[in-house]
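Novice: Okay, these came from Swiss-Prot:
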type: BINDING; residues: 26, 88, 127, 469; note: (6S)-5-formyl-5,6,7,8-tetrahydrofolate binding site
type: BINDING; residues: 232, 251, 253, 256; note: K(+) binding site
type: BINDING; residues: 232-237, 251-257, 276-279, 344-347; note: GTP binding site
type: BINDING; residues: 236, 257; note: Mg(2+) binding site
type: DOMAIN; residues: 222-390; note: domain 'TrmE-type G'
């Protein structure tokens, strides 16, 4: 891990091929203001005070050349993101201006920041706990409004405060028990039943957190949905209708889609990656064969398969063959997935036709009737997908916060340690045995919030951040 007396610099805005309106270069550290003063020319008598914005020019101190017209934002310690002196150059957008300003900052004595180092400094300086720091990364990566709201809840302490209270209760119980070990004759005996009740209450609180883990993972990472079926059943039309775009080429010619086309959607707060695949059939065309093979691989990697059928033709032998292939490969790879049958081209049927009017010679399976051409039934498709997800006990609804995978693993350890404490109490073991697992629970909670954490854990967490955050 780097030394944190250094002054660090990074581009804090996204670097994209398209030019942005503003690009920001951020400095943090003891030399941030001095470096800024060596590079920034502020006309007139503008005061260099905290939380003031200065107008002026960035100059190369060696050549005196003007690099950019910019605004300078000063945030002096401790009233800053990192609780160090922080300076931001607000430059014109585009790659060249911000890169030149960053190079000048480094030449003046700053070093390039590591990924997540600004937030790491905020954590080390006590502005954020570890769950709040993780929430920063989750907010930046959020793919839906729901994911952003959950990340913001973590950032504002909805995770940190109750977890700290659970840890404090563990430490208080430890103090009570260890006092009896040290001063056996001077203190009244403990009430094992009362201690056990407190432990059970802690377990209930931990279980409430653990119950959010699966839903949190779903909201953060989303679902991968593969649209599969034989050629010309309307798979690409379904993708276009669902995404309200023309991502996929649509023609009457079988085999038009030769490669996988992706689209990103949000349904009920859940990010969904939709994969439109090539029509699955036997073919002599080498390029189409590759597309068909990729379709099969995409189906196996998906969380949900939409098997599209031409409702005007009904269930055909080709549809059955595709269904059988999917079932066989899933069994071989032990990767069970949800399958939803989509009866497309309802516009070619009578308006009174319902799903039950179209016989499907397979086990009962969720089925939706729709028309990609007229975009009728898309809402019912989304409802069916949400129903499948919720049927597995996972929903994005009514979720105020959610723990991530790291936090869930540590809380599982806490729950197990508390179980061991209850077992020790029930077995009437000496008090020393109670303290062993209470210490373990408190340590796991400390690792979770950052109150007891190793350098390797911090490195692992913050390496996943973007540079400049």
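Placed from the backbone N, Cα and C atoms, the Cβ positions cover glycine too.
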Novice: Radius 10 Å, atoms counted are CB only; among the binding-site residues 232, 236, which position scores highest?
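Specialist: The largest 10 Å Cβ neighbour count belongs to 236.
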Novice: Which of these binding-site residues is closest to residue 235 (GTP binding site) if you go by CA atoms: 26, 88, 127, 469?
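Specialist: Checking each of 26, 88, 127, 469 against residue 235 (GTP binding site), the shortest Cα distance is to 469.
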Novice: So for residue 469 ((6S)-5-formyl-5,6,7,8-tetrahydrofolate binding site), how many other CB atoms are inside 10 Å of its CB?
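Specialist: There are 21 of them.
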Novice: What residue among the binding-site residues 26, 127 has the most other CB atoms lying within 10 A of its CB?
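Specialist: Answer returned by the neighbour count: 26.
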Novice: Please give me the CB contact count at 10 A for residue 235 (GTP binding site), counting all chains in the structure.
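Specialist: Cβ-Cβ neighbours of residue 235 (GTP binding site) within 10 Å number 32.
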Novice: Nearest to residue 232 (K(+) binding site) by Cα distance: which of the binding-site residues 26, 88, 469 is it?
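Specialist: So, spelling it out, the nearest of the binding-site residues is 469.
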Novice: Expressed to the nearest Å, what is the distance separating residue 88 ((6S)-5-formyl-5,6,7,8-tetrahydrofolate binding site) and residue 345 (GTP binding site) at their Cα atoms?
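Specialist: That separation, Cα to Cα, works out to 56 Å.
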Novice: If you measure from the Cα of residue 236 (Mg(2+) binding site), which of the binding-site residues 26, 127, 345 is the nearest?
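Specialist: Minimum Cα distance from residue 236 (Mg(2+) binding site) across 26, 127, 345 lands on 345.
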Novice: Would you measure the largest Cα separation among 26, 88, 127, 469 for the (6S)-5-formyl-5,6,7,8-tetrahydrofolate site and round it to whole Å?
Specialist: 19
